[in-house]
Structure formats: C-alpha cells, structure tokens
Amino acid sequence: MLKGLYGVTDSHLLPDDNSLLHAAGQALHGGMKVLQYRDKSNDQQKRLRQAGALKVLCHQHQAILIINDDVELAAAVEADGVHVGQSDASVAEARTRLGDYAIIGVSCGGSLELAQQAVSAGANYIAFGKFFESKTKPDAKTAELSVLSQARQRFDVPVVAIGGITIDNAFQITEAGADMIAVVNNLFATPDIQLRARELSALYQ
Ligand SMILES: Cc1ncc(COP(=O)(O)OP(=O)(O)O)c(N)n1
Ligand SMILES: Cc1ncsc1CCOP(=O)(O)O
C-alpha cells in the first residue's frame, strides 16, 4: 500500500512557475511520494503548462502527480490521476474519462458513509479532514481523528489525512492509521522544503 508524504500545492503560496517547480523539486528530493496540483485560478494556459511541467518532474522522481478537481486537465497532461471533492466530477465520470489505471481520490470529510460510497464506486484512495486548524482552507469541517483508524480497518484503499497537519502534530495522524499525510502550508511555506519533506516522510520509515 502506498504510504508517506502527499504534498498539495497552493496557487496562492506558489503563484509562478519558478516558485512552483522549485518547491515541488525540493519536496521530491525530500521523499514526497505524491504531489497534487491544486490551482484555483481560471488561467487555463497556465494550468496546462504548470501541470505538464510537474508531471515530468514527478516522474523523474518516480512520484505520482494528481490533479485537483479538473478531470480534463488530468487527461490533457496524462497525469497519474485526479482528486475529486463531493461537488466535483463523480468517480464514475473520472474513470470513464481517465481509464482503468488512473488513480482517483475522493474527499470524504469526516464521513465513513461517503468513504464507503467512494470505495464502492471504485476510488483508489479516500481522504479525510480537516483535522486541525488550516490556514489554507479554514472553513473546511473538522473531522474526528478516530475516523482514520475506523477507515483503515474497514477499507483496502489508502487512507489519506489532510488539514492543518504540521511536523508537530503529524504523529497523531500517523498513529491513528493514516497511510498518507497531505500537507500544504507546513510543507510549502517553510524555508527549507526539502528538510521538512524529509522530516514528514520519516514518520513512515
Ligand atoms: C488529499 C486531499 N484531500 C482533500 C482535498 C479537498 O478536496 P476538495 O473537497 O475538492 O476541496 P478543494 O481542494 O478543491 O478545495 C484535497 N484537495 N486533497
Ligand atoms: C484542501 C483541504 N481540504 C481540507 S483541509 C485542506 C487544506 C490543507 O492545507 P494545510 O495543510 O495548509 O492545512
């Protein structure tokens, strides 16, 4: 089962190509296994260019590139997969567009019922959170830590945790059973991204 650090980029933190590619490269050198391109802007040309460049970089490091929300962008750059929220494309739609081998992840908040629906629909991983206060998505609902151990026992796909995870609280998440920790701010807003990626990845060694 895939385990380790799942980095999520944020277009506000890493607005231009140079900062994005430099940060992603540092995190990959530090052992990040999965990178999610999360860009909330409407500039399609920029999104296509950045996602394409990230795919090349991730594959140079044997890492996986996931595109947030946008199935068409994932198809266009031949990313490894897509992450969908409850108001995005369904797992079935993403599967039809991206094919059998695509990695499809689904946000389940704090709900095992949503996780069951996602797994039954063919999701390849399920994501829960937020667990702590998050500067990136302050309005996300808070999930109970216990959902991680319950999901770990019940489902065969990787359980990903997201939301306010830092080097100081990540052990609570890994102890609760998450296979991957998804981090934006505490990874990409740190002065030494490579070191932080190594520290967070070490929780799985
Ligand atoms: C790994 C992971 N988990 C959850 C989310 C949140 O996705 P979503 O619900 O689609 O919200 P936005 O990211 O689009 O704001 C995620 N992106 N990644
Ligand atoms: C996208 C998302 N979904 C739930 S919390 C969150 C943001 C995670 O960012 P951070 O690691 O900075 O709290």
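Here, residue 1 is simply the first one shown, and the rest follow in order.
A Cβ is built for glycine as well, from the same backbone N, Cα and C atoms used for every other residue.
Per-residue pLDDT, averaged over the domain 'Thiamine phosphate synthase/TenI' (5-186), rounds to 97. As annotated by TrEMBL, domain 'Thiamine phosphate synthase/TenI' applies to 5-186.
Neighbour count (other Cβ atoms within 10 Å of the Cβ, all protein chains): 22 for ASP39 (4-amino-2-methyl-5-(diphosphooxymethyl)pyrimidine binding site). The 4-amino-2-methyl-5-(diphosphooxymethyl)pyrimidine binding site annotation in TrEMBL covers GLN36, TYR37, ARG38, ASP39, LYS40, ASN68, SER107, LYS137.
Positions annotated as Mg(2+) binding site by TrEMBL: ASP69, ASP88. Take the CB of ASP69 (Mg(2+) binding site) and look out to 10 A: across all protein chains shown you find 18 other CB atoms. Under the three-state DSSP scheme, ASP69 (Mg(2+) binding site) falls in the coil class.
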As a whole number of Å, the Cα atom of SER107 (4-amino-2-methyl-5-(diphosphooxymethyl)pyrimidine binding site) is distant from the Cα atom of ASP88 (Mg(2+) binding site) by 10
Across all protein chains shown, the one of the binding-site residues ARG38, LYS137 with the most other Cβ atoms within 10 Å of its Cβ is ARG38
Sequence-ordered list of residues in the chain of GLN36 (4-amino-2-methyl-5-(diphosphooxymethyl)pyrimidine binding site) that lie 6 or more positions away and have a Cβ within less than 8 Å of its Cβ, or none, is TYR6, GLY7, VAL8, THR9, LEU65, ILE66, ILE67, ASN68, HIS83, ALA182
For ligand 1, the binding-site residues of TYR37, LYS40, ASP69 whose CB is under 6 Å from one of its atoms are ASP69
Within the same chain, the residues at least 6 apart in sequence whose Cβ is under 8 angstroms from that of TYR37 (4-amino-2-methyl-5-(diphosphooxymethyl)pyrimidine binding site) are THR9, GLN50, ALA51, LEU54, LEU65, ILE66, ILE67, ASN68, ALA79
